Structures are given as C-alpha cells and as structure tokens.
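What TrEMBL lists as active site, nucleophile is Cys364. As annotated by TrEMBL, S-adenosyl-L-methionine binding site applies to Gln236, Glu286, Asn336. Annotated domain 'Methyltransferase' per TrEMBL: 258-321, in sequence order.
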Amino acid sequence: RLANAVTPLWKLPYQEQLQVKYESQRKILQTLASRLEELGIDAQKPGGLCCPLQPVVPSPIINGYRNKSTFSVNRGPDGNPKTVGLYVGTGRERNIVCVKANHVENIPSKHKQVAQCYEEFICHSPLDSCILFHEGGHWRELVVRTTSCGHTMAIVTFHPQQLGQEALATQKALLREFFTCGPGAVCALTSLYFQESTMTRCSHEQSPYQLLHGAPHIFEELLGLKFRISPDAFFQVNTSGAEVLYQAVGELCQATGDTVILDICCGTGTIGLSLAHRVSKVIGVEVVEKAIEDAVWNAAFNGISNCEFHSGKAEAVLPQLLASWEDARPLVAVLNPSRAGLHYRVVRAIRNCSSIRRLLYISCKPEGEAMRNFLELCCPPDPRKKLAGEPFAPVLAIPFDMFPHTVHCELVLLFTR
C-alpha cells in the first residue's frame with residue numbers, strides 16, 4: 001500500500017511509465033489551449049495542444065534517485081507510536097498509519113538506514129513521539145539529505161513542549177552521542193542538525209537549525225560546478241536528472257554573450273550559475289535567506305563573478321528591479337517556483353517589462369497554480385489589473401522525468417512574445 005501511495009507507477013516497466021506521463025502532460029496542454037481559447041486567444045495547435053509537446057526526457061537514474069527524504073513519526077500498522085516512515089491512508093477515513101519505507105524504490109538505501117537508526121534511538125528514549133501537538137510528546141520528523149560526493153545530512157525536528165533548557169541540552173547530547181559513538185555511527189553523518197519547532201513547518205528564521213555534529217553544509221557537484229547546501233535550501237531532488245534539465249534550459253534560453261538571465265526562485269543558484277559562463281549576467285531572486293547565502297558562496301567558490309543574488313519575496317523584489325530596467329541587453333526570464341506558483345505581482349512585472357521576450361517556466365505541478373500563471377502570462381492586456389505589456393505565447397513544452405515511479409513530471413514551457 002505504501003509503494004502504491006508514494007510510487008504508484010512502480011510496477012510498470014520504465015518505458016510505460018514515460019508514456020503514462022506523456023499522456024498526462026498532453027492533457028495539461030490541451031486544458032491550457034482550451035482555457036486560452038476562453039480568453040479569446042487562438043491557441044489550438046495539432047492535437048488540440050497549445051504548443052508542440054516533445055517526448056518525456058528520461059531520468060538517468062531510475063531507482064534510489066532522491067537526494068532528500070522527509071520521514072514522519074507516528075503509529076505504525078503494529079500500533080508502535082514511534083514508527084519512522086511515510087504515511088498511508090486518509091484523514092477522512094481515519095485510517096492513517098506510518099509505514100517504514102524500506103521497500104520504496106525511489107528512496108536510496110542511505111536514507112532508509114538513517115531512518116532506521118532514528119527509530120531505534122527514539123524507541124529507547126523515555127520521551128514520547130509528538131503525534132498531535134496538543135497531546136504532548138517530542139520526537140517528530142526526520143529529513144535526510146545526501147549528495148553524490150558521499151555526504152549525508154540528518155535534520156531532527158523536536159517539539160520542546162514544556163522542557164527547560166537543561167532538559168533540551170540533555171536530549172541533544174544523547175542524540176549526538178547516538179549518531180557519533182553509538183549504533184547510529186554506522187550512518188557516518190556529515191552533518192547532524194536539531195530544530196525545536198512548535199509548528200508543522202518552520203523556517204531557519206522562525207526557529208534556527210542547531211548544528212549538533214559535523215559540518216554546517218554538505219556539497220554537491222553538478223555540471224562541473226560545486227554547490228553548498230544548507231539544511232533548508234532548495235535543491236532539485238534528482239541530481240542527475242537536474243543536470244539533464246539544466247542543460248536543456250541553457251539551450252532553450254538561446255542565450256548569447258550579451259544576454260542577461262533573470263533567475264526567479266533561484267534556490268542555491270544552480271540554474272543561473274550553470275548558465276553563467278555563456279551569458280553576460282545572471283540576476284537571482286530567492287525568498288530563503290540561507291539559500292541566497294549558499295548561492296553567493298557557490299558563485300565565489302566556482303570563480304563566477306557575473307552573478308548577483310537578491311534575498312526576499314519575488315513579488316517584493318522583482319517589480320522594483322524591473323520598473324527601472326533600462327539595460328539594452330536581451331533579458332531572458334527563468335521561473336522555477338514552488339507548487340504554489342508565482343504571485344500575480346511577479347507575472348505583472350514580467351509582462352510590463354518589454355525587454356523580456358523569452359521566458360522559461362519550470363513547473364513540477366503544471367496543472368495546479370502554475371496554470372493560473374500561464375493564463376496571466378498569455379491573457380490580453382488589462383488596464384484594470386495594470387497589465388499593459390504585450391502577452392506571451394507558449395511555443396514548446398518539454399517534460400522531464402525527475403520523479404521515476406511517481407506520476408509527477410517537471411514540465412518546461414517556453415513562452416515568447
């Protein structure tokens with residue numbers, strides 16, 4: 001049941017998985033074409049699509065490709081409240097259980113090993129797991145990040161409840177001892193972090209990540225560059241797949257020596273830095289402060305001097321950046337937002353900047369909020385919404401299989417005007 005929930009295509013041969021994903025992307029482009037028609041835009045191309053769709057680009061690695069896994073702590077099928085795994089079931093049916101992920105094919109063995117050790121540690125702890133915040137308990141999520149350089153970072157989330165500083169210090173010491181000198185030493189962690197959190201999700205600014213052991217960062221190599229990764233920095237979950245994706249993005253940008261790349265939601269700067277050698281300048285914008293610190297370090301470490309990075313919400317940074325844009329160099333926008341999509345003010349700033357003639361939108365959920373952004377990019381000008389700029393049009397779609405065994409794809413949509 002867990003394999004079916006987390007990796008629903010796992011039983012299919014890989015070529016069939018790619019075909020299933022191609023059909024789902026085709027339906028998304030048909031939906032976009034229909035929605036554009038409703039706006040009075042003639043967008044119907046052969047097959048009812050809004051633009052040509054290329055075959056799904058396969059992932060170089062099919063099993064164990066994830067470089068980041070998030071494990072929950074909850075009751076297992078046997079009733080053990082300290083099971084470390086992934087959820088099966090629904091809240092509506094009240095049949096949610098936490099199942100060990102040992103057999104899930106997209107999670108690497110190193111992640112499973114750390115999860116097993118964490119479960120062993122909390123099972124021997126006198127403190128309860130935190131299943132419902134208001135019912136007490138302490139031990140919560142585990143995040144494991146690994147890199148092709150052999151680095152492993154573990155981040156333990158802990159609800160402090162009413163514990164004092166001395167009691168907290170004791171728990172941190174026990175956790176560190178377990179993973180450095182005890183049974184957990186087999187995991188050979190590069191970094192062990194601890195975060196006290198009274199919320200479901202907590203940023204570093206809200207509650208700092210506390211380094212209990214090892215190095216503050218892990219490092220990844222991608223397209224000949226070295227990248228530093230902080231605990232909460234975004235990095236594509238499939239590293240070898242990301243290399244294929246970023247190479248394609250570079251080609252689709254049609255960047256020349258005088259091009260400026262606008263890298264929106266840039267994370268640790270991977271896309272912009274991988275393109276920096278072929279363009280005049282890269283401008284990155286990212287809301288996660290630590291990711292921007294990583295991006296600045298990554299640029300300096302790799303000897304790249306034509307990149308500048310801005311920390312803050314894209315809807316606050318970008319309108320200011322583009323309102324006074326007078327640079328004559330061609331400007332290409334690369335957008336790689338989370339599933340929540342982009343704020344309307346970001347789209348409006350891009351539309352109203354006449355220097356941007358070419359735009360790449362990378363989406364892991366194009367049927368979700370990204371669809372709203374696609375329509376905002378392509379709709380006719382609307383003075384009521386202060387949308388004066390000429391509309392974009394979709395000209396090419398390429399899906400990348402960044403998530404084998406799942407139904408998800410990373411869709412790259414090229415827009416021009």
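Using the three backbone atoms N, Cα and C, a Cβ is placed for every residue, glycine included.
Fair warning: this is a prediction, and the values are worked out from it, not measured in the lab.
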Point to revise | For the domain 'Methyltransferase' (258-321), residues assigned helix / strand / coil by DSSP | key: 30 helix, 16 strand, 18 coil
Exercise for review: Could you name the residues, excluding Gln236, Glu286, Asn336, of the same chain that surround the S-adenosyl-L-methionine site, i.e. Cβ within 8 Å of the Cβ centre of those residues, in sequence order?
Suggested key: Phe234, Phe235, Cys265, Cys266, Gly267, Thr268, Thr270, Ile271, Ile362
Practice item. Any same-chain residues 6+ apart from Gln236 (S-adenosyl-L-methionine binding site) with CB under 8 Å of its CB? Would you list them in sequence order, or say none? Key: Ala242, Leu245, Thr270, Met402
Check your understanding: Hey, how far is Cys364 (active site, nucleophile) from Glu286 (S-adenosyl-L-methionine binding site), Cα to Cα, in Å?
Key -> 18
Check your understanding: Near Asn336 (S-adenosyl-L-methionine binding site), which residues of its own chain have a C-beta under 8 A away, given they sit six or more steps off in sequence?
Key -> Asp263, Ile264, Cys265, Cys266, Gly267, Ile271, Ile362
Review point. If you count the C-beta atoms lying within 10 Å of each candidate's C-beta, which of the recorded positions Glu286, Cys364 ends up with the smallest number?
Key: Cys364
Exercise for review: Across the whole of the domain 'Methyltransferase' (258-321), what does the mean pLDDT come to? Round it, please.
Suggested key: 93
